[in-house]
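Record features (Swiss-Prot):
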| type | residues | note |
| --- | --- | --- |
| ACT_SITE | C173 | active site, acyl-thioester intermediate |
| BINDING | R75, G76, G77, E78, V79, T80, C81, H82, S142, I143, G144, G155, F156, S157 | substrate binding site |
| DOMAIN | 35-211 | domain 'BPL/LPL catalytic' |
| SITE | K139 | site 'Lowers pKa of active site Cys' |
Amino acid sequence: MINRTSIIKQPDKISFFYDVYKLQKEYQDSLISGKSNMNFIWLGEHQLCYTVGRGSNMDNLLFSADEQDVFKIDRGGEVTCHMPGQLVTYLVLDLSNLNKDLNWYLRKIEKIIIKTLRSFNINCSTKDGFTGVWIGERKIASIGIGCKRWVTIHGFSINVNCKLENFNKIVPCGIKGCQMVNMSDYNKNVDIKEVKKIVKKIIHEEFNFNFVSE
């Protein structure tokens, strides 16, 4: 029988990136080893930091790595930036119980983001040849995942009302000339707590999960 139960954490405070990364790894290891059969979802915000995916071009970091918090992690994709005002969602899911297809999973994440933004009357779409979600030529949401023995890690981020100038220190997602935007550029009254509620609701709709607090 497929377990559709997911532990969910939604901290209100800013969370240190590496602490949450270690937490994801613990849940991933528990699913792989069979110690747990529950998925894990985390929604929140990080302190200002930069993360670098597997095989990233370090030239896309436009500063010395000792000037800011930089984390090299086990996800696909290039360098990106996290900060307050950006909603980050991590999904540690056992795809063996859903669909053992990473392309399907990436399209599912894009769908969750697009449905979320459209709930706030923000028209957006995917872009051929690129991951993430875009408004024209501007990028509003980034995706980066890892997967080990069909158990996923990492997830996606949506710029809600963050300080976009922090992206000037990198080549976002390795795309030269990429311009990042906020939800607040299109909906001035957007609130990150409301965005979090909508993301949770749509994840429930798309995966048919039952959420429990640990």
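Backbone N, Cα and C atoms are what each Cβ position is placed from, and that goes for glycine too.
Here the features listed in Swiss-Prot are placed on the structure.
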residue : record                                   : DSSP class
R75     : substrate binding site                   : coil
C81     : substrate binding site                   : strand
K139    : site 'Lowers pKa of active site Cys'     : strand
G144    : substrate binding site                   : strand
F156    : substrate binding site                   : strand
C173    : active site, acyl-thioester intermediate : helix
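In this structure, the CA atom of C173 (active site, acyl-thioester intermediate) is 5 Å away from the CA atom of V79 (substrate binding site). Around the Cβ of R75 (substrate binding site), a 10 Å sphere holds 21 further Cβ atoms from the protein chains shown. In this record, substrate is bound by R75, G76, G77, E78, V79, T80, C81, H82, S142, I143, G144, G155, F156, S157; the longest C-alpha to C-alpha distance in that set is 16 Å. Model confidence over the domain 'BPL/LPL catalytic' (35-211) is summarised by a mean pLDDT of 93.
Summarising the environment of the residue listed as 'active site, acyl-thioester intermediate', the number of other Cβ atoms within 10 Å of its Cβ, over all protein chains shown, is 22. For G144 (substrate binding site), the count of additional Cβ atoms within 10 Å of its Cβ stands at 23 [all protein chains shown]. In this structure the C-alpha atoms belonging to V79 (substrate binding site) and K139 (site 'Lowers pKa of active site Cys') are separated by 14 Å.
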